[in-house]
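Asker: Quick one: this structure, given as structure tokens, is what I'll be asking you about.
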Amino acid sequence: MPIFPDGRSTNSSPNDIENAGHRHTAGLEHLTLSHDHDHSHGFTGHTTGANETRIGIAALLTGLFMVAEVIGGLVSGSLALLADAAHMLTDFAALGLGWFAFRLSRRPSDERRTFGYHRFEVLVAFVNGLALFVIAGFIVVEAIDRLRSPGDILGGTMLVVAIGGLIVNIVVFAILHGADRDNLNIRGAVLHVLGDLLGSVAAIVAAVVILATGWMPIDPILSVLVAALVLVSAWRLVRDAGHVLLEGTPKGLDMANVEPHLVESVAGLREVHHVHAWSITPERRMATLHACIDEAADGTVVTRAIKMELKRRFAIGHATVEIERDCCADHDHAHRHDDATLKDRSA
């Protein structure tokens, strides 16, 4: 049964409906305006602060171990340790950039960035994903070179440093694992750390094999395996971040279900068309739509009911609704447009 925003059925009298609508409009004022004018407060703002702290600690631990690796490489004369320290440097840069992204996203919107700076998190995630492609490619090239011209590897030193790296990476991974895993910036940071963690495991296995058998090719072979695993995860990160940057439909949102659900749930609403949905970040969904309403319906009440239903059912926190009363002229064009849009999205 269609409902009005205050939960009353359409069997109520016109006067009761109008009075209820005005009462509910006042009740919804805080819900609508608080989101429209301040996107940085509430649960999402608290989550962003927690993510920022976690990624900052992870960057600090990674940087400290990187310095230890450089010292160990210089003392032992191990080129392998210095090369791994260079890899840790890229991870430290990625984590530091991720931390900066969270800091920047807390800035309020202004005249140049009317939606705020939240999208910077997604941009950093995209860049981190591309960086993982470069790192994995470098590992593969280096591994091929070592297979062609194997060199001496200090198995004992390699084992000690690899164990130390594994411990640090497990701690960092545990810190980031407790963060918001739906956040693309966190996902990018986790992938960098996961790549290091897998690299440490591979290095430990390779060091043990080298110490036991002296078979050097095990090191580049395991390195290629780790690079392949990193590439798969990096592609998923780049794909998801790119989808957000290209204003794609939010993940998990069934656009075909939006119109029928709204028409069924909101009284006075005859038709919905020109529906567009996207996200600033995966956690911040946006939408615009045209709503055709009955002549006797209160446009303000229907608009607020639509926004409330979009938030409740589809997790769309910010919506712009254009009210129309004479929908006959635009009816056919709207349906043709929506059908074409849905076909494009399903392709």
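Each residue, glycine too, has its Cβ placed from N, Cα and C.
Straight out of TrEMBL:
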DOMAIN    57-246  domain 'Cation efflux protein transmembrane'
DOMAIN    262-325  domain 'Cation efflux protein cytoplasmic'
REGION    1-21  region 'Disordered'
TRANSMEM  55-75  transmembrane segment
TRANSMEM  81-102  transmembrane segment
TRANSMEM  122-141  transmembrane segment
TRANSMEM  153-176  transmembrane segment
TRANSMEM  188-215  transmembrane segment
TRANSMEM  221-238  transmembrane segment
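Please situate the listed features within the shown structure.
Answerer: With DSSP states grouped into helix (H, G, I), strand (E, B) and coil, the domain 'Cation efflux protein cytoplasmic' (262-325) comes out at 20 helix, 33 strand, 11 coil.
For the transmembrane segment (122-141), the list of distant contacts is 87, 90, 94, 97-98, 100-101, 184-185, 187-189, 191-192, 195, 223-224, 226-228, 230-231, 233-235, 237-238, 240-242, 244-245, 281-282: same-chain residues at least six beyond its ends, Cβ to Cβ under 8 Å.
Residues 55, 58, 62, 84, 87-88, 90-91, 94-95, 98, 124-125, 128-129, 131-132, 135-136, 153, 155-156, 158-159, 161-163, 165-166, 169-170, 172-173, 176-177, 181, 222-223, 225-226, 229-230, 233-234, 237, 241 of the same chain lie 6 or more positions beyond the ends of the transmembrane segment (188-215) yet place their CB under 8 Å from a CB of it.
Sequence-distant contacts of the transmembrane segment (221-238), counting only residues of its own chain at least 6 positions beyond either end whose CB sits under 8 Å from a CB of the stretch, comprise 125-126, 128-130, 132-133, 135-137, 139-140, 142-143, 147, 184, 187-188, 191, 194-195, 198-199, 202-203, 205-206.
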